[in-house]
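What follows is a set of notes on a single structure, which appears directly below.
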Amino acid sequence: MNILMLTFIICGLLTQVTKGSFEPQKCWKNNIGHCRRRCLDTERYILLCRNKLSCCISLIISQEYTRRPAFPVIHLEDITFDYSDVDSFTGSPVSMLNDLITFDTTKFGETMTPETNTPETTMPPPETTTPETTMPPSETATSETMPPPSQRALTHN
């Protein structure tokens, strides 16, 4: 009796194990592909599965796979806008702020004078340049010590 019960238990466990290992493996999105060594003529290779198997997806779309639902159609007649608060909108992301106020700047640029409320533009002071600053120091040193190429050719002969 014990051997018979042990046999039934082993047979029951074997059926559970064989379902996982001998069934063809599924792959891709929503398990629509099958892992095979070589894809059939009606299938296309997409990517690799485990153990060097190819994920093959059928070229013929079957009805057993659920498709993505279509987007709902939006009718423009159904869209309405509420224009009741248009007058109170100031153009600022924060409510009740006035965008017409400008602040005095300490840097060079445009500032508002409080007496006349007119913008004034100030320019930065001009930078004075001298001949020493316009030429790089490496060029001035080499031009005084090295003769021009035509004179160099004459001196080496």
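Just so you know, glycine gets a Cβ as well, placed from its N, Cα and C.
Marked as compositional bias 'Low complexity' by Swiss-Prot: 110-121 (among others).
The compositional bias 'Low complexity' feature in Swiss-Prot is assigned to 129-145 (among others).
When secondary structure is read from DSSP and collapsed to three states, Cys27 (disulfide bond) falls in the strand class. As annotated by Swiss-Prot, disulfide bond applies to Cys27-Cys55 (among others), with the evidence given as similarity to another entry.
Among the features that Swiss-Prot reports, disulfide bond is placed at Cys35-Cys49 (among others). In sequence order, Gln25, Cys27, Cys35, Cys55 are the residues near Cys49 (disulfide bond), counting only same-chain partners six or more apart with C-beta under 8 A. Cys49 (disulfide bond) carries neither a helix nor a strand DSSP state and counts as coil.
Annotation comment: Swiss-Prot describes Cys39-Cys56 (among others) as disulfide bond. Around Cys39 (disulfide bond), taking its Cβ as the centre, 18 other Cβ atoms fall within 10 Å, counting all chains. Under the DSSP three-state reduction, Cys39 (disulfide bond) is assigned to coil, being neither helix nor strand.
The feature region 'Disordered' is assigned by Swiss-Prot to 109-157.
Swiss-Prot lists 1-20 with the feature signal peptide.
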Other CB atoms within 10 A, centred on Cys56 (disulfide bond): 23
